[in-house]
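The active site annotation in TrEMBL covers 22. The active site, proton acceptor feature in TrEMBL is assigned to 70. The feature Mg(2+) binding site is assigned by TrEMBL to 22, 209. The substrate binding site feature in TrEMBL is assigned to 23-27, 35, 39, 67-69, 71, 73, 190, 196-198.
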Ligand code: IPE
Ligand code: IPE
Ligand code: MG
């Protein structure tokens, strides 16, 4: 594992890693256990990956913990997940603080039960002064919800003449997203063998490198994170340009053909 870690080029780290933590249910069912058992074990992976990112010096880690669509799961699973969330935050907030980690949340907080949103609010305030890793929990989040909210708020500002439609740029739109304070993810990881985005950061992932692994989330550890980062570092990110242009830019930054 340390061998893998040493192979990582610390000057070429992704600034922002986003993860769709998938496969908890299947992991549990394969062991003849209840789905909640999988979610429970998934917390150990969260702990390990947060620690791994903080140790490497990653700036932002966004974890997809619960989607807008996940509210439609059986009530016992939803309740179990909410309780697990509250319990985990309560237990981990001291450790986050000690490690200079700042917690953020994106998503529709109005959907959360009161006890969960109160716990979260406290944790957000508690870690607000930290300057190390930014840990963003996507909770009751979906991209289409976020974009709908953004359009609604933007329309309001146009209506009250705070915003001139002709002056709207990509930067303006970005200011209305829940991720306005974060750079776009450069690496997106999805565990458990599904090759889809499932309503996660659709706008922000425009140029992210996508990494899929069959490893189920409760088995995902630092070693797997390092493998994903090494894979990322082996890719050529072209942003619409040609490979030759990218090579030229690397030799003489700032110059283009
Ligand atoms: C991901 O695991 C966690 C959440 C969506 C909350 P799943 O619960 O989706 O697990 P699978 O995909 O059914 O195995
Ligand atoms: C995406 O996983 C949401 C989270 C990991 C929180 P899902 O398991 O809900 O996605 P689908 O249903 O397989 O697309
Ligand atoms: Mg799933």
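Here the Cβ of each residue, glycine as well, is placed from N, Cα and C on the backbone.
Features per TrEMBL, on structure.
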residue : record                       : CB count, 10 Å
22      : active site                  : 22
23      : substrate binding site       : 24
27      : substrate binding site       : 24
39      : substrate binding site       : 23
68      : substrate binding site       : 18
70      : active site, proton acceptor : 17
71      : substrate binding site       : 12
190     : substrate binding site       : 23
197     : substrate binding site       : 16
209     : Mg(2+) binding site          : 19
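Proximity to ligand 1 (Cβ under 6 Å from any of its atoms) holds for none of the binding-site residues 68, 71, 190, 197, 209. Of all the binding-site residues in the record (39, 71, 190, 209), the one with the smallest CA separation from residue 22 (active site) is 190. DSSP assigns residue 23 (substrate binding site) to coil, not to a helix or a strand. Rounded to a whole value, the Cα-Cα separation of residue 27 (substrate binding site) and the residue listed as 'active site, proton acceptor' is 18 Å. Within 10 Å of the C-beta atom of residue 25 (substrate binding site) sit 21 other C-beta atoms, taking all shown protein chains into account. For ligand 2, the nearby recorded positions are 22; that is, of 22, 25, 71, these have a C-beta under 6 Å from one of its atoms. Separation of the C-alpha atoms of residue 190 (substrate binding site) and residue 70 (active site, proton acceptor): 17 Å, rounded to the nearest whole number. A distance of 13 Å separates the Cα atom of residue 25 (substrate binding site) from that of residue 70 (active site, proton acceptor).
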